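Novice: Supplied in structure tokens, the structure appears directly below.
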Amino acid sequence: MPSNSTKILLLTTLVSGMLMSVSSNSWFGAWMGLEINLMSFIPLMSNVKNMYNTEASLKYFIVQVLASATLLFMVVMKTLTEDLFTLESTSYTPMIICTPLLLKSGAAPLHWWFPGVMEGLSWENCALLMTVQKAAPLMLMSYLIEINTFMLSIIMLSTIVGSIGGLNQTSMRKILTYSSINHTGWMLIALTTSENLWMVYFMIYSTLVLTVVSAIKLSGVSFINQTMLTNKEATLIKFMMFSSLLSLGGLPPFLGFLPKWIVIQAMIMNNLTPLATIVVVTSLITLYYYLKISYSSFLILNTEPKWNMKSNKNSMTKNISALFLSSISLTGMALCTIITNIN
């Protein structure tokens, strides 16, 4: 694991690579930005003392190099027949260029590497992989994306795989992974309707992921059955974790429902009612496995073991930051409703 100064440097180059990619006016510049982003993230992932971290970083490196090489090959091949160094496109360009970008962002059916990589990472790197690392590929796809058979099939597969894949999981990391795949489908729908809508969805989604990860890290939970083993002093942390999970699933009183509500409205306005029906049903399945985790703990007559002596000695800064993010998740929807009614 790199030291703090090295970590700051790598995070700076990671963000600068992403910004270089999204602000580039040519595909070659966008590819270079993606490579800088990748080369900054690999040292953040790897840890000599932890075999799983090193294995996950190697898996991630191989997959991302495959996607980057494919992207560069496609760009060069298309440049031989047309001027693709600019961001203009022809009929087959969106499908050809979006495929490696979909592999980079972990959308189904190109998601096979995502759960395995997430399982071997620390919670901070999991949060980066689910938020920052998705931004550049999705932004590049926004230049080309259009509603066609290819993109509709990717959206439906992402939402279905993301919802059904998480049903049989016991690991919190894998549950968040499949939830992220489901949210990727929603973000692709947002991209097809409006770029501003995608930005709103991505910002709210990133906030909720940070909230969930900070709450889970405070509680020290890695598997579902461990949620029942937290002691009575950690009731607030448990409440923050479960309310944030329900918000990420899109339960109506919470902030996570707001972007999904806007996307559903946009789909209905664009005459995509069958697709809206499919993604809403899959979102309900996602919400089911979040409720499965939290329902027993929300009951008044829940059981807690008396023999558990584990103490949660976390720093005050971590507790305050998690509480702040959780309060945004809880009250965000109410605040947005008030602002909308005032306007």
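Each residue, glycine too, has its Cβ placed from N, Cα and C.
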Novice: Of the residue ranges 28-48, 322-342, which one carries the transmembrane segment annotation in TrEMBL?
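Specialist: Per TrEMBL, the stretch marked transmembrane segment is 322-342.
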Novice: Taking 116-135, 236-255 as the choices, which stretch does TrEMBL tie to transmembrane segment?
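Specialist: TrEMBL lists transmembrane segment for residues 236-255.
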Novice: Same chain only, please: residues at least 6 beyond the ends of the transmembrane segment (147-168) with a C-beta under 8 Å from a C-beta of the stretch. Say none if there are none.
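Specialist: Distant Cβ neighbours of the transmembrane segment (147-168) are 94-95, 98, 102, 107-109, 111, 115, 174-175, 177-186, 188-189, 192, 270, 272, 275, 278-279, 282-283, 285-286, 288-289.
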